[in-house]
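According to TrEMBL:
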ACT_SITE  CYS116  active site, proton donor
BINDING   LYS22, ASN23  phosphoenolpyruvate binding site
BINDING   ARG92, ARG121, PRO122, ILE123, ASP124, LEU125, ASP307, VAL329  UDP-N-acetyl-alpha-D-glucosamine binding site
DOMAIN    6-408  domain 'Enolpyruvate transferase'
MOD_RES   CYS116  2-(S-cysteinyl)pyruvic acid O-phosphothioketal
Amino acid sequence: MGQFVVRGGRRLEGTLRVKGSKNAALPIMAASILASDTVILDGVPRLRDIDVMIQVLQALGARVWWEDSQLIIDPRHINQYVVPAELMQQMRASLFVTGPLLARLGRAVAFQPGGCNIGDRPIDLHVNGLTKLGAQSRTQDGQLLLETVGLTGTEVHLSYPSVGATENIMMAAVLARGETRIRNAAMEPEIVDLAQFLETLGATIRGAGTSDVRIEGRETLHGTEYTIIPDRIEAGSFALAAALTGGQVRLENCLVDHLPGLWGRMREVGVEVREVDAETVEIIAPKQYRRMSISLHTNPYPGFATDLQPQFMAFLLKVPGVHLISERVFENRLGHAREFRRMGAQIAADQRVALIYGGHELYGAQVTAMDLRAGAGLILAGLGANGQTIIEGREVIERGYENLAQRLSQLGADVTTL
């Protein structure tokens, strides 16, 4: 397994352009199955997870290729409905194709999805929503089999505002007969991006970005060209890296209003967050952080993003005081606290709550990225530590960050890969 090598103590300075959102691109790529003609996507990041989704689409019969910076998907010859097990087990987002396959072919076969081990992430909400639309489901030999003679719009009430379930139901519903209404829908910006993409295909969707989404079914959808939104999690990660190192970084192609929970918290501890315009923000760290106590709870959007929790924990290690983080989205997403302790951090944590004693020196150590965002947090901690930190699990981190070592180095960090 590859490594990131971080030599800490350098201040980040400069300008960085945020890449396209992985979490928006994956469901949009899956939604291309619904189109009757070619889909051209701009702004898709070059990541391991994107490569897996390309392989999923190709296994289903689509032609997919890169043309310079554009990703081209020709879904016209899709005729397979079984997602290969080896691909499904690499990435949870491969589950996204089940809704579109049901809507297009009337069948979908999937296996238990993989991805980051950050807690219980059942697929029941996906299956329940699709069966509400008229699918029949059963499990056999570890496979999930879904089939329908035709999907029909209805009301689906989600017991939890799951992003993936909201997206899967939306994609299936655009080719269902009549109107579908999703209650307690997820409200993340990636939901809005998917809805806007589907609308460019010819779908009619109202309420995306609220808890009440309505989809009017259509008989067919056409091709399109579409640009993926910037990655708010990448933007937040680089913003926290700048603040943690006492730096000053300008982030471009950053939709500032997608990170309301983060900017408020950073300002609370003394970081200047200067909103230059709707797509540009400048992060200016104070010369010294004063002692304080921060209490943070992760929640579904517009609350503080769970995908930024490990990076924010790394940042709080630099802020003097006793801080509390409560993880309310996943029940097993504080494992990085143990790795931070290897670097000298003073943290007490169980599965859901961590107490962070900030303001103490960190020292380079050999640590392991247990999941994608934990790995990002460890890289941030390494940037603020004395000496050299080696992070095992380069492949895990590269699932979500494109050319991370190179881009951090362009800002003045000393980061290499092995």
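Cβ from N, Cα, C; glycine included.
Predicted, not measured: the structure shown is a model, and the values here were computed from it.
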The rounded CA-CA distance in Å from LYS22 (phosphoenolpyruvate binding site) to LEU125 (UDP-N-acetyl-alpha-D-glucosamine binding site) is 22
For ASP124 (UDP-N-acetyl-alpha-D-glucosamine binding site) and ASN23 (phosphoenolpyruvate binding site), the CA-to-CA distance in whole Å is 20
Across the domain 'Enolpyruvate transferase' (6-408) the predicted model averages a pLDDT of 94
As a whole number of Å, the Cα atom of VAL329 (UDP-N-acetyl-alpha-D-glucosamine binding site) is distant from the Cα atom of ASN23 (phosphoenolpyruvate binding site) by 17
Reading the DSSP string in three states, the entry for ILE123 (UDP-N-acetyl-alpha-D-glucosamine binding site) is coil
Whole-number Å distance separating the Cα atoms of LEU125 (UDP-N-acetyl-alpha-D-glucosamine binding site) and ASN23 (phosphoenolpyruvate binding site) is 18
Note: in the chain of ASP307 (UDP-N-acetyl-alpha-D-glucosamine binding site), residues six or more apart in sequence with C-beta under 8 angstroms of its C-beta are ILE233, ARG373
Close in space but at least six residues away in sequence, with Cβ under 8 Å from that of ASN23 (phosphoenolpyruvate binding site), the same-chain residues are VAL163, GLU188, GLU190, ASP231, ILE233
Cβ atoms other than its own within 10 Å of the Cβ of ILE123 (UDP-N-acetyl-alpha-D-glucosamine binding site), all chains, total 18
